[in-house]
């Protein structure tokens with residue numbers, strides 16, 4: 001009873017801290033569940049696909065970013081964070097397989113193990129936030145709670161994005177700069193205070209004592225220099241956009257103590273020179289490793305010292321050149337300059353985005369009104385964090401391709417500055433200089449603690465949980481179970497049988513998740529000690545958002561080619577599959593009916609992986625067949641549920657229930673098996689298999 005009373009009477013800070021630990025546990029748990037949601041193809045194709053495929057000699061896709069002729073992705077960090085840990089994991093897996101027949105290498109491991117590494121790295125953001133709060137005497141409980149409950153950490157922090165590493169490195173850099181600023185301000189203040197005392201001292205003994213005290217002050221001018229320069233080099237090679245995030249942080253580090261008697265431009269220039277000098281070892285290491293990996297530099301050339309500038313690869317420069325090509329960036333999507341500010345910021349940070357934009361607008365207004373006395377001091381933590389938010393935001397808005405994940409490094413400074421507003425409201429005191437009736441009404445009804453304080457934390461929770469569920473478990477969530485199912489098909493298929501998979505209106509399928517030994521490299525048989533090359537038996541065709549009529553033409557071409565090989569001398573058997581969102585099932589049926597493919601192509605629905613939402617094929621909000629809405633299973637042999645005329649039925653609960661059922665059933669990824677029949681043309685070419693549906 002006493003423990004219950006103590007638990008109920010604990011302070012708000014303790015409640016926030018205990019809630020944070022719950023969210024931290026959820027972050028770890030989401031790694032092992034695992035999250036089925038597929039946020040963006042770059043999660044796999046910028047690191048995991050290549051590293052896992054190379055290490056385990058699996059079939060994998062090497063995107064244009066890893067092209068040996070002009071590589072734009074550095075291999076050092078993915079190699080250190082994935083390839084080396086995979087070696088230890090493989091050793092443990094082989095031992096457990098030999099001793100207890102446990103198989104730890106498969107689709108699940110290829111997803112979970114890299115995510116576990118990146119999730120552990122994500123906790124460095126929490127540590128840096130806690131450290132800065134302790135250094136500056138700030139409340140860390142609510143800030144940690146905001147960080148831990150953010151969908152950015154729950155989703156992006158547990159995924160293998162280069163943006164997640166960029167966020168962690170920016171957090172470390174901010175932590176080091178903040179510590180250096182505090183130490184410099186403290187030491188400079190004490191030094192100038194002692195110098196004044198020294199000048200006023202009358203006796204020699206007192207001057208000696210003060211001189212000893214001044215010399216005992218700790219060094220501060222070059223604090224954390226090596227660590228900061230190394231982080232900057234690693235950040236730029238990870239993502240060259242780190243230049244935009246790191247530049248204001250390094251600038252504040254260089255300006256520490258400027259304007260005092262102790263720090264002059266000589267110190268400023270010395271810091272710049274030594275910073276560049278300390279960055280050289282990391283710079284040489286990254287360039288050397290990338291040059292070896294992309295085969296621009298060989299050990300033979302290194303031994304013979306036959307070297308030229310062409311032997312070295314500088315991937316950040318290649319990245320910048322590629323992104324300066326407007327046609328290249330346009331292929332990924334062109335966005336207006338206001339997307340980051342008006343869409344991505346509110347999407348990532350919801351109420352805290354509004355708080356930060358409002359606070360920055362207030363700072364700009366006071367600056368242009370020359371109200372300098374109420375502005376934060378330039379060499380303060382508020383100025384540092386504000387610069388870390390809005391300087392990169394401004395320059396990133398000038399780039400025509402804008403995605404929410406590009407702003408992940410803004411998370412740390414934004415939460416540090418504005419997380420307390422989740423409990424205090426947008427403004428605890430009247431923020432305007434003039435007391436105008438309209439401004440007073442605006443403050444009382446929206447900004448004040450009484451008006452906004454009780455609701456902001458609730459809005460924060462609801463929005464972040466909703467976005468975590470959507471991107472973590474619904475968005476493109478059928479791709480992972482599809483890969484696991486195809487992996488099982490290939491493992492159990494008859495010998496000398498080719499498997500062909502056609503996908504449409506879904507994200508690219510990472511080949512390494514299917515767990516197929518590569519046909520492009522030599523494999524080693526440990527029993528016979530012989531090397532062999534495995535013939536290719538899996539083919540994948542990805543057609544993105546291709547219209548269904550054009551998709552059927554592709555299906556006919558692929559099936560025709562397979563039939564030719566099957567009837568040829570090799571008698572090559574095959575299995576042909578089609579994976580499309582369930583929302584397109586009815587459109588697929590209509591396209592088949594109106595094409596001549598219906599006379600010989602038989603589509604058999606094998607499974608529907610739930611849930612799955614492709615924004616490229618959004619479910620129909622109104623069922624196509626109002627008499628009996630049951631998508632995607634309305635295409636039975638008798639076409640039950642179809643209407644010759646789609647009249648609007650009476651508005652009723654039964655009708656709403658059917659419409660809702662239609663919408664829910666469309667939230668899936670349908671897998672069809674296609675075979676060719678030469679029999680009498682059938683009235684229906686899609687049939688439902690006897691197999692049960694698989695809920696992913």
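Every residue, even glycine, has its Cβ placed from backbone N, Cα and C.
Keep in mind it's a predicted model, so treat the numbers as computed, not measured.
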Annotated range (Swiss-Prot: transmembrane segment) out of 58-78, 79-99, 100-120: 100-120
Range annotated as transmembrane segment in Swiss-Prot, from 35-52, 125-142, 251-268: 125-142
Per Swiss-Prot, the range holding transmembrane segment, considering 296-316, 317-337, 338-358: 338-358
Cβ contacts the transmembrane segment (149-169)/the transmembrane segment (100-120), at least three under 8 Å, sequence gap 6 or more: yes
